[in-house]
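Input: a single structure, listed below in structure tokens.
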Amino acid sequence: MSWWWAGAIGAARKKFEEDDAPRDCQSVALIIGVTGIVGNSLAEILPISDTPGGPWKVYGVARRPRPAWNADHPVEYIQCDISDASDTHTKLSPLTDVTHIFWVTWANRPTESECCELNGTMLRNVLNALIPKAANLHHICLQTGHKHYIGPFEAFGKIKPHEPPFTEDMPRLNAPNFYYTLEDMLVEASEKKAGLNWSVHRPAVIFGFSPFSMMNIIGTLCVYAAICKHENTPLKFPGTKAAWNCYSVASDADLIAEHQIWAAVDPYAKNEAFNCSNGDLFKWKHLWKVLAEQFGVEYAEFDESEKPTSLVERMKDKGPVWEEIVRENGLHTTKLEGVATWWFADVILGGECLLDSMNKSKEHGYLGFRNTKNSLISVIDKMKAHKIVP
């Protein structure tokens, strides 16, 4: 079977060993956002010996110093603030051998117009630094997401989103959206440089490992479960009845990475936008039991008689509790606000269920998939192994 199929069912990967003989690299990747939830998966998967398009040499860019949990990946780490044109040019223009860019980062601002401005500046700085220098640059993967179909957070309830299931041919909504800004910049850049192709990847809510991610739903729920366990309280669902009961889709971070690599090396996938989800359906009420089991905490059914309380409200004074959990369990030193994004979990667990279609990816030859329950367990195991949660 193909590498995509083998990866999708969790077949053992050929890990790159530091004492392997030097390899002549066919492709050179630049991961923008290497410590993010998908960037970390790309940093794990690209260096594997049989990854399509390889052998790969990998550069990874992030704003902060390299974290310990990312340090084992055979990646040349570059600390760079890509919102700063001078820093970006100084750090990235020497990378003349780059053949593929994987854009898996974003920056948040109070308004969507500001998001458009800042994220557009970041992409422009990277393209301006690389395109004149990297003669063999021929593909850019841009990761966006379901907000392409429902609008930015500030527009929720103000504009009419598309009706699920989402398909890639749905028109843009009439609202500012930095996803649209980045797509337009990508297409414009490809039109100016001969041989430069692109792909856009639109995942659902992402299940993956990255303590630094602003939108890490599973990491946040792991912290919530650990606090419930520590305080000997039931694991209550903080969202709505609709989210508890309805069918949902998720996107495993490794699957998204594989999807992007496929699009980067397969000629039939170039210059296209694709949804990217696991290919199955789940209900939060079923995953909630799994989460409770993994942390040995009492599971609580959704109770309609109780007034809903957001995680932002429940967790607002739990900083000292988290410090105690970290100290007692010998965990990696973190602040609660650094490992848990309560507002994002409230958005996901308080909203309507958003389904998409993977038909276009299948029609173009991508058959990867994930079991969402197993994806959840895998992320929890990784959080524990890296001593982020007990």
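For all residues, glycine too, the Cβ spot is worked out from N, Cα and C.
Owing to the predicted nature of the structure, the values given are computational and were not obtained by experimental measurement.
Of the residues Q26, Q143, Swiss-Prot puts just one in the NADP(+) site with T35, G36, I37, R63, R64, D81, I82, T105, W106, Y179, S213, M214, M215: Q143. Site extent for NADP(+): the farthest pair of Cα atoms among T35, G36, I37, R63, R64, D81, I82, T105, W106, Q143, Y179, S213, M214, M215 sits 24 Å apart. Take the CB of R64 (NADP(+) binding site) and look out to 10 A: across all protein chains shown you find 9 other CB atoms. W106 (NADP(+) binding site) is surrounded by 20 other CB atoms, counting those within 10 A of its CB over all protein chains shown. The number of other CB atoms found within 10 A of the CB of M214 (NADP(+) binding site), across every protein chain shown, is 13. Here the candidates are the binding-site residues T35, R64, I82, W106. The one whose C-alpha lies nearest to that of K147 (active site) is W106.
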